[in-house]
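Structure, as structure tokens:
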């Protein structure tokens, strides 16, 4: 698993409600979360498919 996929899920500090996906290293799966719109890290994907492709 690439290092960016091991970063913790980060909602960010803005107040938008953007559906995104992150790789959950505990479950070994890509899971959905609501992103605030800014202050992301590299474990933040627009689709589940993008997450799964990047983090297998």
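Glycine too: its Cβ is placed from the backbone N, Cα and C atoms.
Taken from Swiss-Prot, the feature disulfide bond covers 5-55, 14-38, 30-51. What Swiss-Prot lists as domain 'BPTI/Kunitz inhibitor' is 5-55.
Positions of Swiss-Prot features highlighted on the structure.
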{"residue": "5", "record": "disulfide bond", "Cβ within 10 Å": "18"}
{"residue": "14", "record": "disulfide bond", "Cβ within 10 Å": "13"}
{"residue": "30", "record": "disulfide bond", "Cβ within 10 Å": "22"}
{"residue": "38", "record": "disulfide bond", "Cβ within 10 Å": "11"}
{"residue": "51", "record": "disulfide bond", "Cβ within 10 Å": "23"}
{"residue": "55", "record": "disulfide bond", "Cβ within 10 Å": "21"}
For this session: Anything within 10 Å of residue 55 (disulfide bond)? Look among the disulfide-bonded residues 14, 30, 38, comparing CA atoms, and list what you find.
Result: 30
Problem set entry | Between residue 30 (disulfide bond) and residue 38 (disulfide bond), the C-alpha gap once rounded to whole angstrom | 20
Exercise. If you average the pLDDT over the domain 'BPTI/Kunitz inhibitor' (5-55), what number do you get?
Worked result: 98
Exercise. When DSSP states are grouped into helix, strand and coil, how many residues of the domain 'BPTI/Kunitz inhibitor' (5-55) land in each?
Worked result: 9 helix, 15 strand, 27 coil
Exercise. Taking Cα atoms as reference points, which of the disulfide-bonded residues 5, 14, 38 is nearest to residue 51 (disulfide bond)?
Worked result: 5
Exercise. Where residue 14 (disulfide bond) and residue 5 (disulfide bond) are concerned, what is their Cα separation in Å, rounded?
Worked result: 22
Problem set entry | Residue pair residue 5 (disulfide bond), residue 38 (disulfide bond) - Cα distance, angstrom, rounded | 18
